[in-house]
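According to Swiss-Prot, the protein carries these features:
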type	residues	note
BINDING	Asp212, Asp512, Asp575	Mn(2+) 2 binding site
BINDING	Asp212, Gly213	Mn(2+) 1 binding site
DOMAIN	177-584	domain 'PPM-type phosphatase'
REGION	122-154	region 'Disordered'
Amino acid sequence: MGSGASRLLTACTCSRPAPASVDAEPCLDDALGHSFCYAAAATATAHSSSFRHGISGAALSANSSVPVPLYNASAAAGGVAPGYSSAFHTSSSFSSAPLQLSNLSSGPLFLSGPIDRAGQLSGPLDPAVPFSGPLPAKPPKPASSSSRGFSRRFRKPSFGSLRRSVSEKNRPCAVPLRRDDGVQWAHGRAGEDRVHVVVSEDQRWLFVGIYDGFNGPEAPDFLVTNLYRFLLRELRGIFYKEADADNKKLWQFLVDGDDDDSELDFSGSGRFALSLDRLKESRFHMWAHAAADESGREWGSRRLAPAPAVRDHAAVLAALTRALASTEAAYLDMTDQSMGTHPELAVTGACLLVALVRDDNVYVMNLGDSRAIVAQRPDDGDDGCVFGTMRRMEDVGVGLEIETRPGGCAIIGLKPLQLSTDHSTSIEEEVHRIKREHPDDDQCIVNDRVKGRLKVTRAFGAGYLKQAKLNNGLLEMFRNDYIGDTPYISCTPSLCHHKLTARDQFLVLSSDGLYQYLSNEEVVLHVENFMERFPEGDPAQSLIEELLSRAAKKAGMDFYELLDIPQGDRRKYHDDVTVMVISLEGRIWKSSGTYV
């Protein structure tokens, strides 16, 4: 049955009390995906190190019937996994809404943006006010382009503008309660894609993880639950240091203690003598494998003292590598222990993209073909002239007016700089590396795939292409001819440190589905032009709309015809896609004295 997303959009209201974190209910076309944005809390201006980035995100699901994960973080924490393919969970400074897409040829709809927090909106909104409904028959008029740039896009609207958003845009929303611990988080899923965002106002850092799963959702779910937790441990002493240990609660001493088998005996009482392992297996097992929102909440409750500015950038990259190695080892160990009951875990995996922003430093780690791009103004010696892109640029659906110079080159204001490295059989160096590592296997690359299975050459999980014992535990139809002991798929990431300068305007982080239809140059050009014309629009959702428009055009169908194709079947036309646009305009951190 088709999703009917383009025509059947039923109304829903935010009628239940809002806890400290609110899950966006699967209303409207929530199964299609969701958009979200980060809006700093009203109290942030009082902090000396307030976060100044604007974050716009969107996720699109092509798969609706994602199987229930064999590894389920929510169930491990005592919850029940929801049965829909797209969901989003946030703390207070994030707002989220189901995707509401429109055909770009008729003009974009701006249905995502910060929620005003100046009007004492720290609790649930009036349930009588419908915050969602059918798309308007005509798209709203675009905002005036007289004032341009990201600064308008991410400034806080007045309460009157919120009312206009309700009446004119019929926007569904979730307004969680305010949190005061300085840590804000969001995580969501769309098909087999997962996204995890953590903002630490006090520590002046931003963590973004985009995990593009394949052969099942178990690997990306495991990454959301565990990678940030491992990374935070590795960053101790680099990004932060523990405050006075005397202020720790008892359970924090227990969790942070050494993993030995010594008994804890409070002398004289005789009433509390349990081993640390036993405590972790009971009360603290939930902490160890809690859902990803607990990563933000548990660590946010700890007393952390700011560390000095980072000078050893290699130490940060090494911490990222160690955190990934620990997460991978834990996942493969879980897979090994589950082979008797759930051998399917051996084939599940994920491409990975992590961006860590601290002050004016960006650290990127990636496996697979997801990408991180920074849009830069040309330097003084660069005339901004780009050849060979005219034919593709005319497909960008936001009414571009491209200036040309003699010789047929297009002039653009911003250029893309890719911070990640693609790992696939399309990269000649990767193919040569695998063949060098497997000289006795002339079938290591078959049909442009590793062992005829995967297009990517580096990934998280996928144990059947890393360990012979995991491969041999599969049914014969899934088993590879595994020769030797060397992994066919590597978990060695590519790493990058980038120092932000006045040239850098925004970051675009995305899973590979975006680049099925757009090049790096087109992505930057689209976001730049869109935000100049519609400063209050949603650049991430606009990229999703552009992707769908191109997919429909390539398939020879109407935009809404594509949306009405049942999810699962629509996977033939586009992949699950997660996109994040992070503005770098304005001061990065209030305390850093750095302007971009």
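Backbone N, Cα and C atoms are what each Cβ position is placed from, and that goes for glycine too.
Mapped onto this structure are the features recorded in Swiss-Prot.
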residue: Asp212; record: Mn(2+) 2 binding site; DSSP class: strand
residue: Asp512; record: Mn(2+) 2 binding site; DSSP class: helix
residue: Asp575; record: Mn(2+) 2 binding site; DSSP class: coil
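In this structure the alpha carbons, written CA, of Asp512 (Mn(2+) 2 binding site) and Gly213 (Mn(2+) 1 binding site) are 11 Å apart. The binding-site residues listed here are Asp212, Asp512, Asp575; among them, Asp212 has the most other Cβ atoms within 10 Å of its own Cβ. In this view, Gly213 (Mn(2+) 1 binding site) is surrounded by 30 other Cβ atoms within 10 Å of its Cβ, with every protein chain counted. The Mn(2+) 2 site is set by Asp212, Asp512, Asp575; from the centre of their CB atoms, other residues of the chain with a CB within 8 Å are Asp193, Cys351, Asp369, Ser370, Ser511, Gly513, Leu514, Gln516, Asp576, Val577. For the domain 'PPM-type phosphatase' (177-584), the model's pLDDT averages out at 80. The CA atom of Asp575 (Mn(2+) 2 binding site) is located 11 Å away from the CA atom of Gly213 (Mn(2+) 1 binding site).
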